[in-house]
């Protein structure tokens, strides 16, 4: 093969466009065949029909011809067809493109026959026979060329796959970002008037306050008794060390029992085995405060807790539903903890950039299967896509607020019902000045964990005079039964037990995640006695319907990073299904070379407090 032909194939087809005044088909005799190509080879018959070309336009060749041909002639044919078919692919709409290509083939082939039969004194009979030989090359070339060019045109003009993401929390936004970066058309539907879901940064105080998820570290505490007297710091430290030993011993209890037990039962067994870990008087109240903090870890909300064992007569109503196995599944990230000085909103904003997000679109029904997904929103509109990812909170799935058609199989329904949903709320208080100590947490101890409470000191991290009261578990639900004013009054009573001269707050905020129809709970937790494949069944897709959210994260459920990683995993699985269905291997290879890690595009300030 000549170097001229190889070089021409490397050039883009647009460089081969002739001037507008010239016909794209060359007029004149074909180039002389290259010498030395007269070796006898097995002849073959030229077929009289071509794909998509009328048989009347093709003259049958009766004699046998050889494979002898000129590379320059192949170059001429390639340039002509690339020119004309390239114009067809760019100028015509998709519906008419296929028929236009066939018309161009018929036009050029008819022109070829005219040239072959055109009387030309300079042509010898030998030259005309070589033109007939080129006709055979032309036939084979067209078949190969059309298959390659048609697949190229189809790849260029194929519509990208579409995916609907339901839920605009960190998990849904992470999934949408992965798909958007993979050149997949994404539509995100969010029922609220904002993005972020259970991540909500409020700026009404003149500073960012996260009323939902936030990174925290609690190392230095200032605890006060019900009488307003501060608990000695040495006692706080000693009881804290004892509590760590209790948790360590619960791991042994967990490993010894083949049957699952609750955290409450495990602590009771530990205190029976190790009487030296029991506390008396004020120290017992401090222990109850630590257990109250643990309730916030699980956000467990037992409406009817088990009676406390004899060894733990004064024990708190710790969740009798939270499984001790969940402590085995916990995966602690490296790097310590911190508090987002600017709040979580900059992270959400960066991830959501350039994504098609529809706010105030409450999803009522999802019809999946048969290669498509149809999502119906509250106002009756329908959205159709190739696949969907639902990242709605577990509480919404439990309440059946979204209708799925076909209905979920029994193994999926049981996975949704078996996983627990807890609650945690915040009451933010904005004051004119600071009157509390410069510690991370200000807490109040009591004989039971239900009466215990603690405040997060934002002034230490952000410099703003803001305290946030944290309420978890059963108390968080009880607090939602009060009005905002009554809830603030209750919290101020707690605060004035520690600081009798505390002024009234100038502003306040109250969260209600448990009764919010968009969340119906704060985050998930392991329930006692449930199978270990619970998360696998909850995460498993149903055809072209995928599941994300913090509840499907096996190691980091109930956390922001767990929700984020679950959204990324759902997006990758969805993308893999779409690429396999469409057979876009080239696109899969292109995506796999991209960096899968989403880097923050905004500077973040994290206070280590």
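Each Cβ is built from the backbone N, Cα and C atoms, and glycine gets one as well.
Where the annotation comes from TrEMBL, it is an automatic prediction and has not been curated.
Record features (TrEMBL):
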BINDING   171, 363  FAD binding site
BINDING   469  substrate binding site
DOMAIN    170-224  domain 'Amine oxidase'
DOMAIN    247-573  domain 'Amine oxidase'
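Around the Cβ of residue 171 (FAD binding site), a 10 Å sphere holds 35 further Cβ atoms from the protein chains shown. Within the same chain, residues at least six positions away from residue 363 (FAD binding site) with a Cβ under 8 Å of its Cβ are 166, 189, 191, 375, 376, 377, 378, 392, 402. Around the residue listed as 'substrate binding site', a 10 Å sphere centred on its CB holds 24 further CB atoms from the protein chains shown.
Secondary structure of the domain 'Amine oxidase' (170-224), assigned with DSSP and counted as helix (H, G, I), strand (E, B) and coil, comes to 12 helix, 14 strand, 29 coil.
In the predicted model, the domain 'Amine oxidase' (170-224) has a mean pLDDT of 87.
In this structure the C-alpha atoms belonging to residue 171 (FAD binding site) and residue 469 (substrate binding site) are separated by 27 Å.
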